[in-house]
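Features reported for this protein in Swiss-Prot:
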type	residues	note
COMPBIAS	1-12	compositional bias 'Basic and acidic residues'
REGION	1-42	region 'Disordered'
COMPBIAS	17-27	compositional bias 'Pro residues'
COMPBIAS	30-42	compositional bias 'Basic and acidic residues'
TRANSMEM	45-65	transmembrane segment
TRANSMEM	89-111	transmembrane segment
TRANSMEM	116-136	transmembrane segment
TRANSMEM	146-166	transmembrane segment
TRANSMEM	177-197	transmembrane segment
TRANSMEM	205-225	transmembrane segment
TRANSMEM	246-266	transmembrane segment
CARBOHYD	N300	N-linked glycosylation site
TRANSMEM	318-338	transmembrane segment
TRANSMEM	357-377	transmembrane segment
TRANSMEM	407-427	transmembrane segment
TRANSMEM	444-464	transmembrane segment
TRANSMEM	514-534	transmembrane segment
Amino acid sequence: MTDNTDMEKLDRATTPTPIPNEAPPTSEPSESKPEEAEDESKYPHGLKLAAIILSNMVAMFLVALDRTIIATAIPRITDDFNALGDISWYASAYLITSSATQLLWGRIFTFYPTKTVYLVAIFFFELGSLLCGVAPNSVAFIIGRAIAGAGSAGIYSGSTILITTVTPLSKRAGYVGMMGAVFGIASVIAPLIGGAFTDHVTWRWCFYINLPVGGAAVACLILLFPKFPVNEPVSVKQQIKQLDPWGNLVFLPGVICLILALQWGGEKYAWDSGRIVALLVLACVLLLVFIGIQIWQQENATVPPRLFKIRNVWLGTIFAFCLGSVLIVFLIALPIWFQGIRGTDAITSGIDTLPLVLSLVFGAIVSGGVINGVGWFNPVFFSSVIFMSVGGGLITTFVVDTPTRTWIGYQIILGLGIGQGMQLASLGTQVAVKQSDVPTGVSLMFFAQSLGGSVLVCVAQAVFNNELRSRLTSFDGIDVARIIGTGATQLRHVIPADRLAEVLVEYNAALRSYFYVGLAAACFAVLPSLGIEWKNVKGQEFVH
């Protein structure tokens with residue numbers, strides 16, 4: 001898609017002056033027109049590049065670890081703090097600040113040096129981890145989780161932004177794929193590490209571990225990350241204006257209300273309760289006001305509206321939303337199937353999902369290598385949605401006695417699809433926008449991916465509960481409410497032994513409706529993948 005001359009002039013006339021950051025190249029070609037081969041001599045090479053990338057991977061590893069390491073530590077934490085009622089906040093505090101600050105970090109990365117902002121994000125993450133480790137009570141622990149969540153959002157998007165700063169476009173896909181692989185590996189081993197610390201040392205080491213490892217990464221980045229030319233500084237007033245304070249003033253509480261409604265709805269409170277309805281209404285109002293402010297602010301907006309005139313941006317946002325939905329829905333539903341239908345415990349069900357996660361890692365690495373080799377990322381989009389749709393569809397055929405080789409194979413197919421697509425929306429955005437817009441574009445993709453998982457998993461849970469209720473109401477002597485409120489691992493303890501087999505058949509059928517929501521998201525992802533603009537990243541520098 002190519003903007004006309006008048007629009008290009010308008011963009012240049014209305015673009016705010018950046019404050020100290022890596023100075024973007026002076027040329028601004030049209031969105032679709034490639035230039036000559038990129039000069040790779042300006043980027044770090046050899047051991048220096050390897051050390052920077054390794055430090056970046058370590059930071060991403062810690063963030064991924066922190067997301068799930070707490071799962072096996074929560075029982076011991078609640079024992080120490082005598083705060084069983086706070087369990088939901090241990091996850092919610094992290095998720096709320098991570099989601100709410102994602103776009104703000106993108107804006108900060110746009111106007112300040114990548115190195116400085118990335119180190120600040122790591123600082124917040126480390127500070128939150130330290131507070132969690134030394135927390136004397138549950139309130140302090142929750143505050144620490146909130147601070148760490150805010151820092152994790154900056155690291156999550158910053159890790160990709162850092163790669164765009166130190167690597168040429170032609171080699172970027174491989175490094176981005178490696179980041180996806182690191183995230184997958186950390187997600188697999190996090191519960192195991194958390195369990196080991198909790199059982200053999202103390203749960204506090206789940207958070208202390210971030211300090212020395214993260215500190216080493218920080219030292220490496222401080223010493224080795226290259227210096228780039230910076231633009232002339234502007235006034236403090238202009239800096240504040242460029243960070244869109246009015247937009248963030250309504251966006252942050254809007255996202256907080258939405259996440260709380262999604263976290264509490266159907267669990268702590270009924271969906272039609274006054275609290276949930278009020279939160280949803282308030283979230284809608286605040287987010288609509290945010291959209292209005294973005295249109296009003298234009299270039300000073302958190303997400304400049306002109307970005308949505310670029311096909312790869314708005315289609316990439318939809319694709320990222322779908323991908324995040326598929327990932328989270330199946331990551332939650334599969335352990336429920338293993339625990340509820342096959343009768344495994346929580347740890348064993350985690351091991352049983354290894355085929356999905358390991359194939360996801362493999363898919364992320366291979367897709368990066370393929371894009372580096374051939375230059376085109378569009379075929380990988382197609383491959384991703386095909387594998388996701390086929391794998392998701394096959395998983396919906398699970399029955400009570402599905403053999404081991406079958407559920408392993410189906411997970412591998414799904415994992416390959418998700419892994420291939422993990423970083424595609426981000427990469428498609430990078431080649432379609434100006435270099436100065438890359439931080440905003442990348443943060444937007446990650447926000448959409450996170451939001452997709454949060455929204456669709458609630459939809460899937462509601463569909464599952466309704467389906468299960470409708471299937472079990474005709475069973476005499478069965479307490480439907482108790483079954484729905486019971487965790488999957490305890491399912492066999494609340495069902496009479498003589499009715500277990502027939503109830504499991506209905507439970508499996510209801511759980512397939514959970515899978516259908518993930519399958520629907522995978523199939524819908526076909527549409528944006530078909531519309532993504534064809535661009536060859538090999539040996540060319542596109543838009544700056």
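From the backbone N, Cα and C atoms, a Cβ is placed for every residue, glycine too.
Take the transmembrane segment (205-225) and the stretches 116-136, 177-197, 318-338, 514-534: counting Cβ pairs under 8 Å, 116-136 has the most. Nonlocal intrachain contacts for the transmembrane segment (45-65), taken as residues 6+ away from its ends with a CB within less than 8 angstroms of a stretch CB, comprise 118, 122, 125, 152, 155-156, 159, 162-163, 166-167, 175, 178-179, 182-187, 189-190, 193, 209-210, 213-214, 216-218, 220-221, 224-225. Here the transmembrane segment (407-427) sits apart from the transmembrane segment (246-266); fewer than 3 CB pairs are under 8 Å, leaving out pairs fewer than 6 apart in sequence.
Between the transmembrane segment (444-464) and the stretches 116-136, 357-377, 514-534, the greatest number of Cβ pairs separated by less than 8 Å involves 514-534. According to DSSP, the residue listed as 'N-linked glycosylation site' is assigned to a helical segment. Against the transmembrane segment (177-197), stretch 146-166 shows more Cβ pairs under 8 Å than any other of 146-166, 318-338, 514-534. The transmembrane segment (318-338) shares more Cβ pairs under 8 Å with 514-534 than with any other stretch in the list 89-111, 116-136, 146-166, 357-377, 514-534. Long-range Cβ contacts of the transmembrane segment (357-377) within its own chain (Cβ-Cβ under 8 Å, at least 6 residues beyond either end) map to 170-171, 173-178, 180-181, 184-185, 187-188, 383-384, 387, 411-424, 427-428, 534-539.
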